[in-house]
């Protein structure tokens with residue numbers, strides 16, 4: 001018994017879990033802290049945070065296919081180690097630069113009329129973006145490729161590993177920001193920067209060692225397919241349509257990658273061809289993604305990113321305007337994490353009972369049914385929805401009357417988070433709306449609407465994470481090994497595209513009175529995503545049913561009674 005316990009804790013699967021936990025913990029701390037740092041540095045304005053978010057989303061959108069292609073063309077260990085070192089080194093460098101800015105901000109403000117400080121901001125955002133791109137490469141190679149190889153041919157084991165990875169994600173999403181937030185609250189931003197830099201340095205060394213151990217314990221990781229073979233195709237991996245020619249899409253990329261003379265040809269490639277290569281890779285990646293048999297399932301997952309029905313800064317800010325306190329919101333976030341973990345448990349159970357494709361159907365119905373509560377909340381008492389209010393009325397009043405939007409503040413200014421929609425001061429704990437008079441006690445807002453909203457959001461996490469795991473495993477099982485990187489890179493690009501559109505949607509309607517419209521649009525996009533998955537499932541299950549119902553002519557002939565020559 002003791003031997004089996006030791007064997008588990010030294011197995012490649014467990015070491016992969018530990019490495020992922022360390023990586024995710026560092027990622028979550030950094031993503032939380034960098035937004036707060038940028039807000040505090042730039043006079044507590046959201047400008048730098050918005051620019052950072054736009055740069056990150058745009059970079060993954062444009063470079064997702066290229067990153068995936070790089071993952072496919074190089075050995076697994078080289079990709080994992082390179083992306084790990086680049087990611088952590090970038091975060092460490094960012095932390096050091098931010099510490100210098102916090103220490104010498106007064107001096108930097110006076111140098112060249114503040115242009116040196118502006119250059120520091122640009123440098124921080126650029127390096128942080130490089131760290132995010134490296135994190136994307138790490139996620140593709142570990143969560144979409146290594147985990148498949150470690151699981152082997154056992155799909156149940158693959159499902160269990162996927163579910164465990166998601167549980168780790170759920171826990172770190174809650175605990176890591178809480179930990180670094182406490183350090184920044186009771187210490188200072190400089191201490192927070194130093195802690196994150198030190199953590200990433202330590203984590204990089206440990207993760208590097210864990211990757212090497214997993215690689216040694218799994219010899220098949222050293223073998224990487226360079227061409228498409230029929231044996232690699234899983235239960236769904238068939239030609240998408242009969243009109244797809246052999247020389248198009250998937251085969252184009254494969255033939256390019258497996259050429260044995262490619263290193264010699266690179267010397268003869270001209271400057272124009274080198275410039276065009278990333279664009280060709282970008283095009284080929286999207287063509288390969290479109291030609292996948294699980295294309296509709298991947299698109300369905302991407303459409304779920306076009307939503308305000310999650311625990312991001314937008315929904316949190318709206319909750320504050322409706323009278324929910326920070327303590328209540330923290331409890332709701334904890335409940336959301338619990339239901340997310342329940343979703344991973346439901347996935348493994350449903351997959352064993354109903355199969356992978358039907359699990360996605362059930363999960364989609366469950367999520368949409370819960371989100372109906374969110375749609376109903378828009379029309380309940382307490383909902384601020386009022387389409388007669390201009391979305392930019394509050395901003396216009398501040399621009400053209402007496403209160404200008406904040407610019408760069410001096411270090412002596414008291415840190416105070418500013419939101420034109422009345423979101424709270426996150427630095428001093430106040431929940432007073434920015435545009436209200438503190439001496440006036442506002443009328444209590446009925447909580448029926450916001451309660452229904454968050455009840456639907458929290459309950460929907462069960463179906464959401466079960467559906468996410470379903471599509472993830474469909475991509476793992478049905479994308480050939482030689483294209484896992486580029487296809488999953490494009491999938492990440494699609495996710496970021498829809499996520500970017502949801503932020504643009506909020507920019508166009510930023511006031512609380514228009515939030516109800518955003519909720520209805522979000523529910524509509526979730527419905528469209530699940531309709532796409534339903535169409536995918538209908539095609540696959542219908543094809544399987546047809547194959548099951550078609551009799552084998554040889555078996556029919558063998559089962560005919562002797563001398564019976566009649567035809568049916």
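Positions of Cβ are set from backbone N, Cα and C atoms, glycine also.
Database features, via TrEMBL:
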- 45-71: transmembrane segment (TRANSMEM)
- 83-104: transmembrane segment (TRANSMEM)
- 110-134: transmembrane segment (TRANSMEM)
- 294-320: transmembrane segment (TRANSMEM)
- 326-349: transmembrane segment (TRANSMEM)
- 361-380: transmembrane segment (TRANSMEM)
- 445-464: transmembrane segment (TRANSMEM)
- 485-508: transmembrane segment (TRANSMEM)
- 514-534: transmembrane segment (TRANSMEM)
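For the transmembrane segment (45-71), the list of distant contacts is 34-35, 38-39, 79, 121, 125-126, 128-129, 132-133, 136-137, 140-141, 145, 253, 278, 281-282, 284-286, 289, 405-407, 418-419, 484-493, 496-497, 499-500, 503: same-chain residues at least six beyond its ends, Cβ to Cβ under 8 Å. If you look at the transmembrane segment (445-464), the same-chain residues 6 or more away from its ends with a CB under 8 A from one of its CBs are 304, 309-311, 315, 319, 322-324, 332, 335-336, 339-340, 342-343, 346, 363-374, 376-378, 380-383, 519. When Cβ-Cβ distances below 8 Å are used as the criterion, the transmembrane segment (326-349) is approached by residues 159-160, 162-164, 166-167, 170-171, 173-174, 311, 316, 319-320, 359, 363, 424, 429, 431, 454, 457-459, 461-466, 469-470 of the same chain, each at least six residues removed from its ends. Counting Cβ pairs closer than 8 Å and at least 6 residues apart in sequence, the transmembrane segment (294-320) and the transmembrane segment (485-508) reach three or more and so form a contact.
Here the transmembrane segment (361-380) has long-range neighbours at 300, 309, 343, 346-347, 350, 354, 448-453, 455-457, 459-460, 462-464, 466-467, 470, 516, 519-520, 522-523, 526-527, 529-530, 533-534, 537, meaning same-chain residues at least 6 beyond its ends whose C-beta is under 8 angstroms from one of its own. Counting residues 6+ beyond its ends, the transmembrane segment (485-508) has Cβ neighbours under 8 Å at 53-54, 57-58, 60-62, 64-72, 136, 139-141, 144-145, 253, 281, 284-286, 288-289, 292, 298-299, 301-308, 314, 391, 475, 479, 518, 521-522, 525 in the same chain. Long-range neighbours of the transmembrane segment (83-104) within the same chain, counting only residues 6 or more positions beyond its ends whose Cβ lies under 8 Å from a Cβ of the stretch, are 23, 26, 30, 34, 37, 41, 117, 120, 123-124, 127-128, 130-131, 134-135, 137-138, 141, 188-190, 193-194, 196-197, 200-201, 203-204, 207-208, 211.
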